[in-house]
Ligand SMILES: Nc1ncnc2c1ncn2[C@@H]1O[C@H](COP(=O)(O)OP(=O)(O)OP(=O)(O)O)[C@@H](O)[C@H]1O
Ligand SMILES: [Mg+2]
């Protein structure tokens, strides 16, 4: 007879399961991350295939009421867009972000907006005491009897509470603080994260009430806990931003009910988070107008084009080996493009440190930004500012050739909207572009043809 195994061992870093303990995880290579978890009788030799009491008959898809898919607007237009048109009833949403980025503030901001539409909110805060949340709510002036606060951390109790209170929307801050009473593991362990997320998932599906939960991000940018958490939920949003400036970016990285990549921009004020609708103010700095090293370009964020400002600083190095560093664009791309400029335009950049940046704390790695990176390096190196009202888009190849980019018309329309009058772009794109009145287009094939861009 086969022996029944009732224990499993789980790597706390990657979630890999083992039948016995080991010092090193074969999957992620980390040491001392494998701990014993109670795994039930999953290795039982007598599996049961009988119908359970909760067995559900399949139903024809055209008999499902379309009312179920009626979305609940958050009242924040930018957030609704990222969600793909508002909260879908019964959906579970995960908002990941670094500590202190403003996840709890975002929750109160959404609450404020929903309450003003006459909605009822349940806010479960396992992370902070009610007094702490109350203090923030008072600062942000979100005090209302329609915002119910609880510091419950048992997942089962939360499920019962959601049913009792029957709110329009539930917030759980954060998933790492929840536990299932029956499990011996500490809050935040892989098993607890997975089990508690399952409880929330089941609760939202059963009651039809959307639940938004927050989750911490580890140093390398992943939501703490295994990827399995991201697989379980319907939507994953990342809340990010440069802590030194006041803008915060919210983007969807997974969405079962909408496009991914769309971006919402918020400004962190003492009174809370304010939606930013004039993005030009965030990503294009009026202070750098007429200064060398600054170039306007356009990137795609999901289905939308976004005008951005690429900045470069090229200065003579004091080290034996020149430094290259980029924040926003990819450093490897900056190194490669600097080498292309050196080889094909003959500038001795090897004696210079080069720093690249994107205004507004954006992190974007898109080939269409190549030409703007090259132009900003050239502008800073030659100390010649880019002409006022000019922008560039294009990918740069290893022999200095300028290659076509996708979605050129969308990008040009967005650039026109922020006051750009002339755009340098790949010649290959010229044929397919709709004519945009008031926008002059200069098609180029190589980096050498950028000369007319500078003053
Ligand atoms: N008086 C204030 N004026 C302006 N901004 C403030 C003020 N107090 C706090 N903030 C902002 O709020 C941020 C903290 O927000 P919040 O507590 O919502 O973050 P969080 O992501 O929930 O953090 P945690 O991971 O610790 O839960 C701070 O980093 C700061 O930018
Ligand atoms: Mg918080």
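The backbone N, Cα and C atoms fix where each Cβ goes, and this holds for glycine too.
Note: TrEMBL annotation is automatic and uncurated.
Listed ranges 249-253, 254-258, 259-263; the one TrEMBL annotates as motif 'RadA KNRFG motif' is 254-258.
Taking the centre of the Cβ atoms of 97, 98, 99, 100, 101, 102, 103, 104 as the ATP site, the nearby residues of that chain (Cβ within 8 Å, site residues left out) are 214, 239. Under DSSP, residue 97 (ATP binding site) is assigned to a strand (E or B) in the three-state scheme.
A Cβ distance below 6 Å to any atom of ligand 1 is met, among the binding-site residues 98, 100, 103, 104, by 100, 103, 104. Among the binding-site residues 97, 99, 100, 102, 103, 104, the residues whose Cβ sits under 6 Å from any atom of ligand 2 are 103, 104. Counting every protein chain shown, 23 other Cβ atoms lie within 10 Å of the Cβ of residue 97 (ATP binding site).
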